[in-house]
Amino acid sequence: MASSAGLLLLLLLLSIQSRAENTTDWEAVVCAGSACYTAHRHKLSAEDAQLHCSKKGGNLATVKSEEEAWHIQGALTQLLLLGPPLQERPKFWIGLQREKGTCSDSSLPLKGFSWLGDGEDSQYNNWYKEVRSTCTHRRCVSLILDLSVPGLASSLSKWVDGPCGHSGFPGMNIEGFVCKFSFKGMCRPLTLGGPGQVNYTTPFQATSSSLQAVPFASMAAVACEDGNEGRQHYFLCKEKAPSEFDWDSSGPLCVSPKFGCDFNNGGCQQDCFEGGDGSFRCGCRPGFRLLDDLVSCASRNPCSSSPCGGEATCFPGSLGTDFTCHCPPGYQLDSTQRDCVDVDECRDNPCAQDCVNTPGSFRCECWVGFEPGGPEEGACVDVDECAPGHSPCAQSCTNTEGSFYCSCEEGYELAEEDGTQCLDVDECEVQQGGLCDSLCFNTEGSFRCGCLPGWELDPNGVSCTGGHTSLGPPTGFPLREDTGNGEGKLQSSATVSSRSGDNPEGTSTVVPSNRRLSLPARVPTSLPPSEMLAPSATPGVWMEPSTHYPTATTGHRESAGEDFTAKQSEQGTDGQQLLLFYILGTVVAILLLLALALGLLVCRKRRAKKEEKKQQPQSAADSYAWVPERAESRAMENPYR
């Protein structure tokens with residue numbers, strides 16, 4: 001009974017000790033620049049850690065630069081000296097998280113994560129391994145410390161992502177977290193002129209005696225040891241001027257006549273001067289002046305410390321105690337009056353078309369289709385895209401203000417791809433037989449009409465009329481009138497042979513047509529091939545369609561027309577004779593085939609008759625059958641039986 005009670009008591013003590021270790025919050029603080037970083041040994045989930053930081057006025061730490069990473073590494077190194085030893089690879093939360101439903105992006109430096117507080121992205125990263133690709137759970141990032149590697153303070157901790165944990169389970173190997181607190185300025189650490197100790201209490205309730213920079217609004221408690229035991233002095237870090245922070249104290253602290261200037265240089269920043277009675281005072285080197293605290297020194301030239309940042313230039317005041325910052329053209333002072341920001345000159349619309357703001361200046365640009373003009377042309381002038389040698393169009397190009405458009409000649413249409421090329425229009429398909437009365441033939445950029453066998457093309461080049469059809473080129477063809485500029489225009493006409501006595505010389509008469517066709521002059525006039533069928537008066541026989549061809553030249557003499565007509569007549573007569581020979585030869589061949597077939601049929605008939613004769617019987621009795629005699633004898637014996 002006693003042993004079981006002792007066991008329960010031991011378990012209770014172990015539980016209390018474990019709970020005490022989990023609730024103990026060891027922390028280390030490092031301040032630099034305009035921020036302080038606190039490292040905590042407290043096992044919390046990421047959400048609880050952020051709540052802990054926010055209650056004190058901060059957030060889980062951001063690590064947006066290598067400089068910031070070194071500050072955090074210093075805080076973690078100090079933290080490891082506090083409390084019991086940790087496992088070899090402890091983790092500490094930082095303020096880098098990815099919400100549920102947001103997927104990872106390996107192409108970004110932060111892999112789809114974002115910083116708490118401002119949410120701004122940064123280029124710096126220090127991933128331990130590739131993050132897990134998931135969108136269904138919230139993920140948080142922690143710093144992993146490899147304690148097995150010596151020299152922890154000389155290497156930066158890596159980033160690793162994982163589950164954010166919960167109240168009962170903070171996360172695998174999670175030992176603490178790092179907070180960040182931002183301030184408008186810092187005070188220098190206090191320097192003692194005699195034995196004593198300084199303890200700083202920050203606005204985020206952290207205490208330390210070894211800060212390299214003390215944040216604004218911090219309290220300093222100074223305890224002097226020589227002759228003033230138990231007495232403390234309190235000082236506050238204040239903003240004495242814009243961006244100028246210092247303590248509300250004057251003179252060296254904890255001054256002792258016993259030590260004089262021998263202890264810590266009397267607490268002076270530069271020179272310490274001793275008096276004959278054991279007292280001393282601080283002084284400054286040439287070119288510097290003693291500040292109001294009687295300890296620190298500042299340059300007599302207020303611009304020696306480069307108080308103006310960026311593009312700003314510092315100009316000292318007349319008394320040498322103040323200064324002003326000036327910006328170059330294209331910049332203006334910001335709200336602090338110590339730095340410069342760019343002026344957006346494009347807000348005043350100084351350009352004719354586009355304005356592009358640049359750091360400290362701007363530049364004007366022209367729209368597409370325009371180019372900078374000369375001194376007398378204006379800021380932007382139109383670009384002639386249709387200039388000779390530069391036209392993007394296949395045929396016609398029309399320049400417009402800032403652009404252009406392409407067009408095609410009659411018989412062509414613009415291609416839909418880029419609007420610069422032209423495609424031939426199939427007039428025969430588009431009009432579906434409405435252009436010609438009979439046959440329609442598409443040509444490059446135009447068309448021509450034709451007729452069925454037994455018909456000939458009318459002089460208007462469109463209609464077909466019944467009558468004599470020749471094998472030569474069509475009798476009607478358009479003439480091209482010369483306009484004087486080398487282009488000319490087409491006129492439909494027909495050449496009709498004179499059959500009356502009005503034209504005894506047998507010449508052809510050109511009859512102009514009332515219908516004008518838009519046919520290009522480049523379509524060649526060609527004779528039909530000799531293999532085509534000859535004309536025939538019989539409707540059932542095919543012949544060469546008589547078609548209307550556009551002429552390629554103008555100004556033909558009448559004599560040339562007469563010779564051409566005569567030549568057509570001769571060629572037509574020879575063709576008719578040749579066609580007649582072909583027809584007669586075909587008829588003869590068919591008759592021969594019929595005669596051969598008839599002869600074969602007669603031979604087969606004769607052979608069949610001979611075979612029938614051979615199969616006939618020798619006598620007429622061979623065709624009869626004899627009845628037995630026994631039946632007759634029975635009938636004669638008893639005819640009535």
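Cβ from N, Cα, C; glycine included.
Only one of C303, C308, C346 is recorded by TrEMBL as the disulfide partner of C325: C308.
Range 609-641 is the one annotated as region 'Disordered', of 345-377, 609-641 (source: TrEMBL). Cβ neighbour count for C308 (disulfide bond): 22 (other Cβ atoms within 10 Å of its Cβ, all protein chains included).
Summarising model confidence by region, the domain 'EGF-like' (342-376) averages a pLDDT of 89. Around the Cβ of C325 (disulfide bond), the same chain contributes P307, C308, A312, T313, C314, F315, L333, Q337, R338, D339, C340, each under 8 angstroms and 6 or more positions distant in sequence.
For the domain 'EGF-like' (299-337), the DSSP counts in helix, strand and coil order read 0 helix, 12 strand, 27 coil.
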